[in-house]
Amino acid sequence: MNKKIRRRFCFKGHVQGVGFRYKTYYLAQKYNVTGWVQNEFDGSVTSEVQGDEVSVDLILQALFNDRYIRIDDMETKALPLEENERGFAMRN
């Protein structure tokens, strides 16, 4: 079994108005991870993702390879696991 991790990502670039949150939500369902994604006032998108390391990496690969999304910069922070978290939320 793969190691379970939780990461906070801040994505900058052309990441709002291109379906970024919807794509992230879809990928979270596909790879069975928990967490959330939200737009920020400065035009960036923040997301916390918790799941096995391989699934989190596959989500990132899909976001970076999406033809409508352009990620110019990504900040990553490791966080403690939230053991009771269920589901994945798309926040405003």
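Placement of Cβ uses the backbone N, Cα and C atoms for every residue, glycine included.
Just so you know, TrEMBL annotations never went through curation; they're auto-generated.
Since this is a predicted model, take the numbers as computed values, not measurements.
As given in TrEMBL:
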type: DOMAIN; residues: 6-92; note: domain 'Acylphosphatase-like'
type: ACT_SITE; residues: ARG21; note: active site
type: ACT_SITE; residues: ASN39; note: active site
In the domain 'Acylphosphatase-like' (6-92), averaged pLDDT is 98
One finds that other Cβ atoms within 10 Å of the Cβ of ASN39 (active site) number exactly 17
